[in-house]
Each structure stands twice: as C-alpha cells, then as structure tokens.
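Student: So TrEMBL says this about it:
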DOMAIN    B:67-195  domain 'TFIID subunit TAF5 NTD2'
REPEAT    B:402-437  repeat 'WD'
REPEAT    B:444-476  repeat 'WD'
REPEAT    B:486-527  repeat 'WD'
REPEAT    B:528-569  repeat 'WD'
REPEAT    B:578-604  repeat 'WD'
Amino acid sequence: MALWNADTVKDVSESVGIPSLSDEVAKNLAMDVEYRLHQVLQEALKFMRHSKRTTLATTDISNALRVLDVEPLYGYESTRPLKFGEASLGQAQPIYYVEDDEVDFEKLINAPLPKVPREVTFTAHWLAIEGVQPATPMNPTPSESARQSETTPKGAPPPASTTVPTTADVSVRPLVKHILSKELQLYFDRVCSAVTDESNDALRAAALASLRNDPGLHQLLPYFVQWISEKVTHGLKHLFILSVMLQVTHALLENSNLFIEPYVAALIPPILTCLIGKRLGSGGGGDAAAYELRDLAASLLKAVCKRFGDSSHTLKPRLTRTCLKHFLDPARPYGTHYGAIMGLAAVGGREAVRVLVLPNVRLFVEGVVKGDGGSEAERVVGAVVSVLRLLEEEEVAGVKPEGEMEESMREKLVERVGETVAEEVWRVGRPGLVKAIVEPVGGL
Amino acid sequence: MASQGPPPASGGGTAAAGSPQALNQIVIEYLSKKGYSKTEAMLRVESAHTDHEGRPILSSLDDQPELKYEKSYSHLKHWIDNSLDLYKPELRRLLYPVFVHSFLELVKSGYVVPSQTFYKEHAHEHESTHGHDLKNLKALSLPQHIEDDQLAKLYRENKYRVILSKTTFTLLMHFLEETKDAGGSVILRFINQRIDIKTISGRPTMFSTAGDDEGMLGEEEGIQGHTSGHLNRGGVLPSIKLGHLPMDKELMSDVEEELREEDARMKDSTRNEELGVSTGGTLIEEFQKIKREESEDSPMRDTIPLPPYTGVDVEREVRLVKESRDKVRLAGVPAPALPSVCMYTFHNTHDGLNCVDFSEDSTLAAGGFAESYVRIFSLKGAALPSIIPAENLPSIPKTRRLIGHSGPVYGVSFSPDNKYLLSCSEDKSARLWSLDTFTGLVVYKGHDNPIWDIKFGPFGHYFATASHDHTARLWSCDHIYPLRIFAGHLNDVDTVEFHPNSAYVFTGSSDKTIRMWDIQTGNSVRLFTGHTAPVTALAVSPDGKWLASAGEDSVINMWDLASGKRLKTMRGHGKTSIYSLSFSVEGNVLVSGGADMTVRTWDVAYGTGAPTADAPEGTGGVSVGDGTTKVDGVTNGAGKIRKGGKDVVATPDHLSVFYTKKAPVYKVQFTRKNMVLAASGFLP
C-alpha cells in the first residue's frame, strides 16, 4: 500500500534543507501525503469523468486542486501529454521523472508560429438503418467490430444479422440471411417504378440521381443487379427500358459509396445484350435509337473496363473475344456487327482496333456489307471508319503535308480495307489516318 | 513499517517476586484462614484467567484490539460460508458493512499495519460490488483522515441498511450471541451502532430477481443518506402524480384551429401533387391521440407557473403533432423494431469535447468544450445568421462559437423552442445564450463548485443544474437566483433530468443513488439505490412512469417511479461509463451510448412483467422478419444467462449493438420521429 514511503519523505526533506527528520515524523508525513494524493486523484477523476475522457490530464489535477482550495501546480498545463522517463538507481525501485526538454529561448522566439489547429468539424453518417449497420467506410467492418467486441461484452449479435434475439428461433433460421429493412424495400420499389415510368422525366432523373449519390444502398445492390438483368432479358423489344437499364447501371457504377466490384460480372451480360443483341427494339433494323443504345452500351462497357480491367485480368480478354466472335460472324445482322465493332474499340482501344479490326476490315466489308447501300450498312461502315480513326492519333507526330496524298496511297488503302471503306477513309482526308492504315506499326 | 499499536496487553499486575502460583496459594490460604470467603471466591475466579506464569490468558478478543476485528470478521465470514445456500446471499450483504467498519475502527485506533493487512486480506471480496468505495477507503491510514474523509464520515455517521428476512436475522443473532467471545460481540456492537438491519417477513428466497448476482446491490441496501423526515422508507411513499401536464385550454384551441387549417391546405395540395407521400390520417386526428388532457394523475397546471404561450408555442405544438404523425413506429412482436441511427462524428476535438446536445427540431447541435467555449453547429449545413445586422460577417458562418465561460463547459441544453441555449461550466456559473443573436444573455451564479450538468425543463422557462457542491438547483430563466435547492445527496450530483410533466426533477449522484424531487415542495420524494458506481445518465420514459439510469458501473437500471422499485437491470455495455440514454417516442425502445464506443438498443418491456408493446392477440401474433411466432412466457424463462464467469454477458433484452470507429458516443437522442441522433468524438 505504501506507494509513498518514509524514505521518499526524507529525500524530499533533505532536498529542501532539513537534514535530520525523525523516523516517526517521516512515517506520519508519508501516510498523510498518500492520503492527500488519493484525495486529489479522487477529485481529478471526477473532472475526467465529466469531460468524458478516459485518460487523466494535468488540467484535471489543477481543477481538483482548485476545488480542494489548494493552489494549483503551475507549469504542467501542457497540451502535449507528459512523458515519463525511468531511471534505476542501483537495486532500488526505479525512479520516474517528467522528461522536460531544455528549450532554447532564441530558437523558441525565432521559430515560425505553430500551425493553427484545425477547426472542429463534424460528419454525419448512418450508423444503423432500421437496426442494420450499413457497410459504409464510416462504419467499422465486421472484423473491426468483432475485435471491439472482445473488450466489450458478447451476447449482442453482430450488426449484420441483427434480429430478434430469442432462443426459440435461432436454430430455425438459415445461417446467412439477407435482411432488407422495410424502408429499403420501399425505396427499391419506388425507384424501380420511378425509373421505368416513361411519362415522368423529372421523377426518373431524381431516382437516377439518388442511385448515383446515396450512400446507403449497398444492401440493395444485388437486388438492383438482378432487376437490371431481368428487365433486359424480358425487355428486348422496348428500347426505352433497355436504355433506362443502362442508365441505372451507369448510375450504380458512378456511386462512389458502393462496393460494386463483386457485381461487375453480373452487370456485364445486360450491357453486352444491349451492345450486340440481335434485335433491339420493336422497330425495323434501321431504328436509329437502337444504334444509339448500342453506343451507350459500348461507352458503358468502356467505363467498366477502365475501372475494373486491372483488378480482373480476365475481364478484357473475355469481352474482346465475345465481340470479335460476333464481328467475324457474317451471319449476324448489321446491328450486332455494329455493336461488336464499337465494343472492340471500347474494350481494347487502339490496340484492339489495329490488331483485330484492321486486318479483317476488307474481308468483313466484302463479306458483310457487300456493297449494300442501305442505311444500316452505312452505319456499319461508319462505325468501321470511326474506329479506324482511333489509329490515326498515334501518327499525329508524323503528319505529312497534303500533297503526299497520292493515288498510290489510295490504291494501297483499297487493297488493305476494301473499296467501300477506303472511299470513306479517303473522304475523311487525313493523311495520318491513311498512313496508319496502310502501314500499321508492328508490321502486320 | 513496524506496528504502531501498543504492545500486546500485559496487564496482569499481580505478578510479584517468586512463583506467582505459590503466592496465590499463600494468599488463598490466608483468606480462608481469616474467613474472607467471598474475597477468596473472587480471587479464585479471577486467577482462573491467568496461566501458571501469572499472565492473563487472552481469551477475550477485547484484549487484543488490533486483532479482534480481523478475527471476528473471519469468524463471521466462516460462519456465513458454511451456512445454508438459502441464507448465504442475504448474509453476505452483511459482510461489507462489517468489513468497512472493522477497517475504519482499526484506522481510527491507529493500528496502521493491522488495518492494511486487514484491507489487503479481505478487500477483494467486495471488489465487484463496492470497488468504487474501496478505492477511496484504501487511502485512509491515520486517525485524523477518518475525521477528514467524506466517505469515512458517511459510513460512520449513517447507518448502513441491510435487508434480512426474519429467519435469517434470528439465525444470525443466535449465532452472534452464542459465540460472543469468538467475535460475536464485536459484530453485535457494529450491528447496534452502525448497521440498520431491516427484517422483512417471509422466508428467505434465493432472490429470483437480479438480487443474487455478484456485483449487484440489493434494492434499498446501503446508506440511505440523511433520512430527511419526509422520506419514510418503511411507511407509505409520498404520492406522486406522473400524468402529463395538461395543456393550456386556450393554447389547445389555438393549436386545433391551426391544425384544421393545415389539414385543409394539405388536402388541396395532395390533389395536385402526385409525388406526395400518402399521409396517415389528418393532423387533427393525430392531435386528438396525443394531446395532453387533464387526468386525475396529472399535476395541477397552476402549481407550475409558466409564462403565457405565444405564437412560437403554437407553432411548436403543430410541429410536434406533424412529427408524431410522421414518426416511424417501432412496434413489433416479439421485440420492437430497431431504429435508424444517424451518427454525427466530431473531428479535431482532441478529446476536448465534453458534452453535446441536439435541438429538438434536429437542426442544431451544441458542443461544450474543455477550452471554455460552446460551439453551435448547423446539422443541415445551413448558415447561422444573427439578427444583429452589424455583427454579420461578409459570409455567414455555419458554426458559431459562444465565448464567456472561464472553465471547461460540462453541460449544454437547448430550450424546447430552440431559441435559447444553456451551458454550465467548471467556473461555477450557468449561462443562457440567445440563438438569435448568438450572444450571452444571463449568467446564473449560485453554486459554489463546478456545475456538472444542466437541463431545460420540458416546457422551457425552468431549468435545473447539478453540481459538485452536492446539490441540484432549480432555476427559472427570469431569475438570477435559484428557486429551489435540492439538498440531500451525499456526494456530487452528476446528472439531472426533468420528468416529462415538469413537476419533478431527477438527480443522479456520485453517492450511487438517484433521487426524485418534487419541484413544488423541494422535497425528495423517491430514492433509488442499487447502482454500484456514480450515476452518469438518466432518462424518463415519455409516459412518465419509468426511469432508466446508467452509471460508471456500465449497467442500466429500469425503475418504476410509482413504487420506487427496480424493474430490471440491463447489462451489455463494456466495463466503461455510459454517457447517454434516450427513450423512443412510444417508450418501448431504449438507446444508450457510452465510452465503449458503441450505441446499443434495449427492449424496455422485456422481463419487466409489463405487456410487450404489441402483445400477441389471440391469433398468435403477426410474424416479423422470419415468420417465427413467439410463445408467450418464453420471455421470462430466458431471464438469466449469466452464471459465474467474470466477463459481462449481455442480458437478453439487449437488442443490438452498433460499433463506431474509435469514437466514444457522448449523446444519443431519439427525435420525435423515432430516429436516433448520436454524437461522438473521433479519437484517432
């Protein structure tokens, strides 16, 4: 018990110039000092408690001394925590002392002013929605919670499976159950109906904006993904539905609060359907809207590849293969070819165009377009040319003057890509492009 | 350290030269010869207590004062440990006061070493229940400390109440009488002087309630404090009126009118607006449901004078009705539905944020800081303009700093109309601030020690403070002196809370008790004992019938106000302090937040014997979530999980826990729409 023993008192008395203190006095003093220390600490703890802290600070001691009508100790009012050094003298108990660095006045005065402390700010987030803790970055992960719960009592079910803690129904319940709060269900239903409502643009925009920005939707993600794929499979005839589904996909992809990666694989098929589907929309093949939809799908695909291409290394090759297959299959309708070409460009970029499209252009145009002058054929040719134009960019440095566009080049061009495309390319009138097509880098 | 006490008594003065035995023989012979038969008999009796060397045989414990307490305590303990299981829980309660008084006696008589050995030997036996007091007692070592120390005085000047059943008490008395010499007399002396044994009729029970848990105090056990005349525990409790404060008649009609207009407007607008959420009934219907009408259980309105109502009050009532209609209902079978919790995490506080309060309309938050200022935050990110034009800066700030206190701010409270803010501080003052101008209005001085907590009354105008000076005080905004001083607590008053009808104030104290005070008379009308550490948070259920309290002992107790009895104890928070409690609007869910960095929700009705929120009606009840129906009665069966083992296991009424990321939760508050607002300070 004796934290403060008579020897310490003697040491102190010697240090203040009282050489011989009787044992009895020292002992009594020591006991009293210890009691007073306890008293001060007891008061200081109250201040700590009411400051809602769990570490005692020097200010608590000063406040305690003030309450006890004792003059506070000056010089310890410190914003930085006190550091204690330890020194051992022989076999005696270690001695603790406050590490107090010497400060050079000159330095202190000339030192630049310390940084202004940052303002107190607050952030708001959902700690729980209807009793379920959403998996947002602001909330601890289940493993962190588990670690915390080691220090706090068990018995509370982990937040994800928070349900009624009754004894009877525990065994009946499946191990993992995705529980969706009523609020979220309602939200889901409302968003679904709002988005597919063709007549109310404002509502749809609001719903999409909500999908784009709301942080708490993670729970709903699998439902949305499934809903999209269902809608797409069953709504091939409705261009509106398809395009809205792509927009929803887009919105979900853009929502920075969602961890969408696991669902990418499930999101791809609907996009691909919209890109290279055989028949999209109820109108004839020449439906311009259908091509717009394919464009949208292609750009979406590009975004997906850009974001997840690195983390999933089989993603790009798989997509490229699918597109290439459709591109090279002459039996497919124009729409599919169009989509495949755009898809190839979107997924693989320039490299894919050079390696996969360019060598096949001539065959493709001859086999598929066959001089058909229909609007759909034109579109396909347009698509080919537009992806070919991707090739040009790398040649920008070597732009040659207009005069170099000779007939010989044109012949080579025709030989390389076929009459129809050559015509188009020539009409664009970019020597760099022509050169890139005629003399592809990499010697193909 | 050597023993301080006098050497073992060596009092037999009869020892003379030569063999004392022989000397005795001579004297006896002499006495019988002379015919002094009575003197002879006396000598024979007295000499029987000395051994052959003439030294007294130390049979009586009174002759070894430094050991007698230790011996008698061990004696009692041994007996209790060997008694029937049936009596043990009751008898064990007696050990603590005996321990404390033995220790204090030892210290008082100056036996330093024996007192410390005694403490070391036995303190751990009471650690779980009385750890807080033991820590303080430990420091005592000199007799003058006893005179000085509050806690020691407390124990010596007040009787410690222990409740024993009649059988147990008789057994105990019998035992003590029987073994008077072995220590019984010492214990008897304690019981007579320092302990108040209350016998209750009936047989001892195994305490089927929370009673026999280690680490729990029985109800009414402990020091009752200054038993002021009105607080007659044995007799009838003072009657209290827990009904709602009736609404002012004129205000009510005004509000009704306003609501009717609102309803008409709503009808018009919903016709045009397709997007509108379907409204659940008209406002006026809702008002009829929730309006506070006079009942026989409600306090008289004129006993609590309030300023005449204004347009702001009408507006507020209308808003309350609307919010009440739009609230999320947390009903459900078998357990209530769980609320949503919106957490406001404060950054860059460096642990300097002492307290937080949310305004009733959830637009503002106020924080009291260790750096002596209060800061107002706009929760919606809106600017906070002041009505003083000159004061406004080019850009209107989104937070405001209120500077005026000269010590750490320990409490803040918004007025119900959101126009004022109260704060209290270590500088012994409370301050009233205007939220229109963001300037100080009044300084309330009266406490002579730091003020720990401050709360506005449910209707504004009145407020209460809790202070280090062992008192709580009631003030009204327009007086700079207190209207009532609630004195009675034996230690710091740590927290204060109003009853929803504004007629009572609750205080939680470091003396581990909670008191309920009548505002009218200023008397303590209820005393709740059972916590084992200072009480840090209180909440009264919206219907005004129950009280929830939490403390440093990290348990939450639920009390019935009318009977003053504990309904149940809810365990689950870590071994740290609980900072805040709040009831849902229906009163069926309690939410708590504390230093263990969690927000927890609790089923209020569970295990209290009260019908659960929506007791299944005949048909077996509607299933929730999984489609499991719950059989009645299971609720009470699963009562106790905890058996042995040190770590705390959550009681079954613990509904859920939400962890934060390294942020102790300072405040939880249900809004009128049954959403929980929580505030925490991020500690990286």
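Note: Cβ is positioned from N, Cα and C throughout, glycine not excepted.
Quick caveat, the model's predicted, so the values are computed rather than measured.
I'd like these features described in context: how deep, what's nearby, how far apart.
Tutor: Here the repeat 'WD' (B:402-437) has a mean pLDDT of 93 out of 100.
Residues 324, 327, 329-331, 335-336, 338-339, 341, 343, 536-543, 546, 548-551, 554, 556, 558, 570, 572, 612-613, 653-660, 662-670, 672-674, 676, 678, 680 of the same chain sit 6 or more residues outside the repeat 'WD' (B:578-604) yet have a Cβ under 8 Å from a Cβ within it.
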Student: Under 8 Å between C-beta atoms and at least six residues away from its ends: which parts of the chain pack against the repeat 'WD' (B:402-437)?
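Tutor: 312-313, 316, 354-361, 363-364, 366-376, 386-388, 391, 443-445, 447-456, 458-460, 463, 465, 467, 475, 477.
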Student: Counting each residue once, how many in the repeat 'WD' (B:486-527) are helix, strand and coil under DSSP?
Tutor: 0 helix, 24 strand, 18 coil
Student: Give the residue counts of the repeat 'WD' (B:444-476) per reduced DSSP state, in the order helix, strand, coil.
Tutor: 0 helix, 20 strand, 13 coil
Student: What are the helix, strand and coil residue counts for the domain 'TFIID subunit TAF5 NTD2' (B:67-195) according to DSSP?
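Tutor: Split into helix, strand and coil, the domain 'TFIID subunit TAF5 NTD2' (B:67-195) gives 105 helix, 7 strand, 17 coil.
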Student: Counting by DSSP, what is the helix, strand and coil composition of the repeat 'WD' (B:578-604)?
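Tutor: DSSP composition of the repeat 'WD' (B:578-604): 0 helix, 18 strand, 9 coil.
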